[in-house]
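Below you'll find the structure, written out as structure tokens, and then a few comments.
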Amino acid sequence: MLGRFRRKQGASTHTGVQEQDIGVSNSVEQQGEKHVHMPGFNHNGHKVTRGIKGDGDSGRGGIHPWHFIRICFRSTSHVSMIVNVLWPFVPAAIAIHFARSDLHLWNFILNYIAMVPTANLVGFAGQELARKLPKVFGILLETFLGGVVEIVLFMVLLHNDVDNDLVPVIRAAILGSILANLLLCLGFCFFAGGLLREEQEFDEVISEVGHGLLLMAGFGLLIPTAFYASLRGSIDDVLLESKTLNISRITSVILLIAFFIYVYFQMRTHHGLYDSVLEKDEERDRDRHKDLKKAKLTLTECVFALVLALTCVSLHAVFLVEEIDYIVTERGVSDAFMGLILVPLVEKAAEHLTAVDEAWDNQMNFALAHILGATVQTALFNSSLVVIVGWGLDKAMDLNFEVFNIVILIMSIIVVGNFLRDQKSNYLEGSLCIFIYILIAIASWYYPNPAAGTSNTAEGAGREAGG
């Protein structure tokens, strides 16, 4: 601009200055171009790959077997690393299934234990992948991948269902997964974080939105149960069951829409609020300098780890579900305890370890985002998905829960809402959440399998009372 202006003056004496100015302008433009294309480097001095966040770049490419095994074994925390010691149970569980399928109890135990390290790898690979992406999208992806283990279990249970014998277990597992997150995992997060500091604070953006969605989900899950319980004995049972099934399917569609609106809210319209909150949380991380220096998986290694872990998880889920009927009928374990306690504990192990580790590092917003995000996914997405898939398979999978189970769920949502209201947590609140979960586990252990046609169990469904 300066060169063109001086040319308009027509002053020949300024020719040298003009050329000098043009040269400076070109130099600045060249520097700007160099700045735009200059590769970035992260804290470890690694060149950042285009499209990858600096904190998640490994500085490598492809798959390096030794680095892959070493990084996966170290995992995210000491507890996760200890869990990886259980990997020898994975081949043992697969081998005993094919070699000695008649050993039902051992098949159940070994596959149950083997689910823990494989689910842990799903969580770790998801976390490594999330670090390479924008914060909000990364959290959502990590939470979804953690829920994939649950989806696989639900789908296997639904596929193996004959005459609705596994439907009560699926229903109980849906609520049990929500309770494990809300009470057990949140309780351990409050407790672990409260051991090192008097109180921990978290932002209302995370807690209020999550709790509001849980109240809505709880109300949605309650409607089919309340409808069936209110009209049972007043109209024909077959007609009532048909109407309850239709209500469950419509409710599932609405809950699924609510889930996608929630995802859009987080990723598109209000992602700035979440970004700022999570960035402040990163600054409070007491181990952030150590985490930044840790070796990381490449993008290819993340994908390979997820494929490997999900394959193992799917195998163990199939083998585990095949033994549930034996455990319930021959060993006297009730559907309520199997669904509310045993299944959710193994499927949520990885998510719980991640969230507790974040709370220990004073990252309560991250921990709450994982806990409430996973709970909302189960309540709105996973529960709806299993009903809709059952609809497609022409199976009577509905949301008609046992009254005992749904009452516990609603009360748990209310209790947790009161703890989140002041946006502060301590080890006392964590202890209370854990104690409530233990009480529910004890009650579900003694809860018998209702006979067909009693309670909220449809005629022809369920197992004989006992256990």
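FYI, residue positions are counted from 1 along the chain as it appears here.
A Cβ is built for glycine as well, from the same backbone N, Cα and C atoms used for every other residue.
Automated prediction, rather than curation, is the source of TrEMBL annotations.
Feature transmembrane segment, per TrEMBL, maps to range 136-158 of the set 136-158, 320-342. Per DSSP, the secondary structure of the domain 'Sodium/calcium exchanger membrane region' (304-445) breaks down as 117 helix, 2 strand, 23 coil.
Nonlocal intrachain contacts for the transmembrane segment (247-265), taken as residues 6+ away from its ends with a CB within less than 8 angstroms of a stretch CB, comprise 140, 209, 213, 216-217, 220-221, 223-224, 227, 376-377, 379-381, 383-385, 387-388, 391, 397-400.
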